[in-house]
Amino acid sequence: MSVANSSSANSSSIDQARLDVLAFCEANQNSPYVYAAALPIWLVFLVWWSHDIYFVHRQHAHELHHMLWCIPALSAVFSLLSICYYEMCPWDLGYQQLVSAAWVVLVILREPVFVVCLLMVAKGWRITRNDLAQNEIALCGTVVLLLYATVTIQLSIGGLLSAIPQLLVWFGLLVVVLSAVITNLRVLKAQLLALRSFNIDATTTPAFTKYSMFAWLLVFASIYFGLDITLFALAAANVGGQAWLWHALCRQILELALTISIGWIFRARPFNVLFEQVQQLVRDVAGDMLPQLSTVNIDVAALRGDGTVPWSREMRLEQARSAQSAADGAPVPAAATPCAADAPSAPRPTAPADAGVLPLATLRELLQSSAPWHGHTVSLSRVSPHHLLFDAVQKS
């Protein structure tokens, strides 16, 4: 009798599981259309990105661009597998079960890859610096492991309670990304102000281009995380019925918008990313003139200035007075001229004869009148023979 009851219970649970699968298939019968619409867009972006980094700007592409290539590649494969996954539901045949298993693996893999790429861009890897600190690598690894765990829990259990850990991880990721972007904006602002102090038009430098890149990243990342967290919470609560379908549609739109935006903003370009000729003077002047930075806003008109010299990679700065004169607040003349060893036959822009570094007292007065520069000390340190990194150090 007990054997019969056990058999009946097993049969009942199998039937219930079958009914749940069929209900899932019916609820997601329109999902293939979402991914079918996204697939050609991902493919076009993948082809453009591949052509750009492997052919057009091959000599300017580096590890970050190759890492970003993984996003459209995985997204295109994911869209294709999603079409097959929902079309083959309820996956009765063997090959259909293989497709289902591959789809689950890609769901777990794709999210952390996207997050790693976003973290690397936000941290400024290969943009403002060549390497990350050990604690930053450990933090990124922890976030990725937590995301793996929460995605697995969400796929296994489902429901609102299983979505709470993933929401918490996304909030933590939001804080990490935005704080990293703001730190890079402070770093680049320090570079711009230091270069402007040498009577150089700071808006013509690679630092200004990179500042604009991170400013746009701050806007796009804030919008993406805000909308994505909202959509995920609504989908987990099943607000509006067939929430996962609308979540999939809106999520594809958000991911496409963010990926294309980052791909365009941080695309490979033939500008020099190193300040090879101005390292030491920028380091010295910035260390003296810019002791405090707490904001990321810049005044473009002030950075451009009147009578300034456009920046070029052959440019070098010649200091005419001693460091003691600079420390005393006296004007320190410096000519922005082409490097003699690298100067081509064509004439390069040079500074006027009376061009010089802004007086320390004048620059400090300008900085203090434009924004509340307190709470952080900005110093410059050499992290490799050919690269400068500005470190924002919290004042005790």
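For all residues, glycine too, the Cβ spot is worked out from N, Cα and C.
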Region 'Disordered' per TrEMBL - which of 5-39, 180-214, 320-354: 320-354
Candidates 67-88, 167-188, 214-237, 243-266; stretch with most C-beta pairs under 8 Å toward the transmembrane segment (100-125): 67-88
Contact check, the transmembrane segment (243-266) vs the transmembrane segment (167-188), 3+ Cβ pairs under 8 Å, seq sep 6+: no
Surrounding residues of the transmembrane segment (33-55) on its own chain - C-beta under 8 Å, 6+ positions past either end: 61, 65-66, 68-69, 72-73, 75-76, 78-80, 82-83, 86, 245, 248-249, 252, 256, 259-260, 263, 267-268
